[in-house]
Each structure stands twice: as C-alpha cells, then as structure tokens.
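As written in Swiss-Prot, here are the features:
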type	residues	note
ACT_SITE	194	active site
ACT_SITE	403	active site
ACT_SITE	455	active site
DISULFID	101-366	disulfide bond
DISULFID	263-274	disulfide bond
DISULFID	298-333	disulfide bond
CARBOHYD	152	N-linked glycosylation site
CARBOHYD	269	N-linked glycosylation site
CARBOHYD	301	N-linked glycosylation site
CARBOHYD	354	N-linked glycosylation site
CARBOHYD	375	N-linked glycosylation site
SIGNAL	1-28	signal peptide
C-alpha cells in the first residue's frame, strides 16, 4: 500500500511538473507590470452558458507571486455595476477557506458573484444579489494548489501555512494593482469566510505593516475587513462547536457532560478520551448538514474525491487529533455543480485557465491534499484583531446562526474575549419588516448574526447578505426598525 502511495505521489509530481513547465512560458506575463495590454488580455468576453443579459464586465487569469519558484495565483474579477462608475466604488477581495477550497467555486460561483453555476453545471445564471452592486469584486484562488493556481516547485505544497499564504496573497495584490492601476486608489477591503477567518486578518495585518511607508509604490488603500463564520481561536472555536451541538439537540446531555469532563480545549492536542467524545458529535453531523443544520442534506452521489463522508468523517481518528480537519464551508451539492462546470474545456478556454490542458487531475472545489498537508501553526487570530482595531480599521464579523461548523456561539466567545467596550447593545436588524438577525456594536468592531443562515450566508440568505455588505462598505448601521 505504501509503495502504491509513493508511486501515486511520483505521478502527481510528474504531472504537476509537466503542467507548470507548459505554464512557464506565460510566467513573464503573470508578473503584472504594465496594465493596459495585460489587463485587456484577461478580459472574459462571455463564458459558456452565461445569460445574454445583463452585461457583466469580468476578467480572469494568472498573476505571478514568486518568479523563482514559478508560483502564480488565479483570479476572477468583476467590475462593479455602473452608477457610479466602477472606478469610484470600493474594491473587495474575497477569500474562501478550507484550507484548500476555491474562492471561485464557492464565493464567486455559488455565493456572492453576479454569475452562479446552475444545477448540474449546465450553465450560469444571473445573481440579482451579487455583491458587485456595491463593490468591484476580486476572487482569488489561494493558496497555490487550490483550483487553477499552481507552483513550479512541488515542495511549496508541503510548506503551506498562514504566513506563506499571506505573503503570496500580498504579492498577488501588488502585482494585480500593476495590471489594474485604475483601482490603485480605491478604498480596499478584504473579506472571506470559514478558514479565511485566518487568511483575511493576517493579510490585512501584512498590508497594514507594509503600508507604513505611505510613499511606497506598493501602498494599498486598505480600509477594513469583514469575515463570516470565521475560524478565529482554537479554544473558543472548539468550545463553541461542542456547546452548539448540545444546545441544538445534536447530542445528548451525557455526551456533552463527557466532553466537558475530558476535553481541555486550551490544549491543541486532544486526549484520546476527548477525541472519542468529540467524534460522537461528528458522527451525528454525518447524518445532517453541519454547515446548515436545518437544511436538507445533499444526497447526490458522494463517491468522488471530494465526498463529505470520506473527507470529513473518515474512520481514522488521527484526522481529528490535532485539529478538526474538515473543510470549512463545504456544500457537496453546490461544489458538484461547480466542478461539473469548471472542468469543461470550453469554460477553461474562455476563462484563460489551464491553457496547457495538463492540470494534474480535475479541477476541484476543495483539495484534500492542501487540507491534509497544511501546517496549522497559528492557534488564535485575536491579537491581530486587537492590533488592527487600535489602528482604526473597520472590522466586522458576521455569523449565520444555523452553522454547526463555526457556530455563532464560538464567534461570540471570540469577540467577547477582545474586551471591547459596548457602543450599541445587542438588538435586532430588519429586512422586509422581518427580523434578519441581531447585531452588537463595540467601540472598534461590529458583530452581526444572520437569522436562519448557515455557514455560507450569501448563499443561504442572499438579500440579507447584500444588505449586510452594503452597510459595512458604507460604514452604516443596519436598519433597526420594521
């Protein structure tokens, strides 16, 4: 079995090398200098199955982040709808988590982009709640190895951690702005969900530090960040996951008491007894959708490499010993539609992706390889929150209250741990005369819940998601009356 695994690994390395050598000829163009011609070369006139109207101004392609290693990240960019002109609206970067999940397959094509993949991946449909009504939307497949993003150095895939991801994302931004200089002075915000609860604040912190020389050509007009159902702090995330499962009748009182007795979540390595108790929670969630506990479970064929049963609830208990290694944000039905669509040759051709046709294996919405090899070295992002709040950045956190994976309880614990003074107490916000959720304003931060939404708020509650991002971008308060 070990020999077969080694042989498979060698085959993957060879396939990857062939792909990247074929891409290497285009690396000079991915560096990002010059704007104009490179920008226009990335324009996507129309994707297969895209509705004829309304018009969507979009670009896609590769931007180099490390010439020596041959690393390039793939992006999909939508200009904001007119009135005012796109150049006058904010630029919003969106990152999905996992680690290992595609911001194109999830954020763009399933959640908040103007074009969503229809059922069975047959076509695209217009999303009337696309966030490009409020901002220019930039979706990035990160880290390398995710989606169409690639590296010419196979060892990169074994060295992935939060610092690596932040540095590559920063290099991407610097080079992307060279290609799209008309957006260089726009207000810039970073957003994302699930494990992007690490990516987003860490990238914001890196931009903040590099911005200290305001005269530098790499200065980025960062104004704030917003994260949804974010993994933030190991202790509070794990504590909240267990408490949410018990309080929502997923597990019995006896199981919860066992967890409280055997689990010290302040230790990153769980004991055997704690691991066994927590696996009872995961086994119960295997019967429903952990990412939206009140939604029907997707019953599509789950024999693929991205099967939730295999990827999330493997019998190998070592998978959960150090961290809860489940893709943060996985929806098997929508990911299947995205995989059907983005694996079509005519789509990839129109998308300027996988030009050589030698992508190692099929395009996947989530990569098991990235998830299982990722070095989870950062246990808490809360110190970054404290730092950037003091620096004056706008910081929002929102949470769909039906998510069992990164539940609202976890986020409340995290926010309360910051010790910020309350500005406006917990209260309801409204959409169409109905309670859309609750929010609390602190001095320096806002936390919002979205009633009835799961892990993927823009997918589950699109109208609420659009109202939320509009309030965030404009620095406004959510409506508090019917």
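For all residues, glycine too, the Cβ spot is worked out from N, Cα and C.
Considering only the active-site residues 194, 403, 455, residue 333 (disulfide bond) has 455 as its nearest partner by CA-CA distance. The DSSP secondary structure for residue 274 (disulfide bond) is helix. Cβ neighbour count within 10 Å across all protein chains ranks 194 highest among the recorded positions 152, 194, 269, 354, 375.
The disulfide-bonded residues in question are 274, 298, 366, and the one with the fewest Cβ neighbours inside 10 Å is 298. Cβ-based neighbour count (10 Å, all protein chains) for residue 403 (active site) stands at 31. Using a 10 Å Cβ-Cβ cutoff, residue 101 (disulfide bond) registers 31 neighbours.
Per-site Cβ counts within 10 Å over the disulfide-bonded residues 263, 333 peak at 263. Residue 455 (active site) falls outside any helix or strand according to DSSP and counts as coil. Secondary structure at residue 101 (disulfide bond), taken from DSSP and collapsed to helix, strand or coil, is strand. Of all the recorded positions given, namely 263, 298, 375, 455, those whose Cα is no farther than the 10 Å limit from the Cα of residue 194 (active site) are 455. Ranking the recorded positions 101, 274, 354, 366, 455 by Cα distance from residue 403 (active site) puts 455 first.
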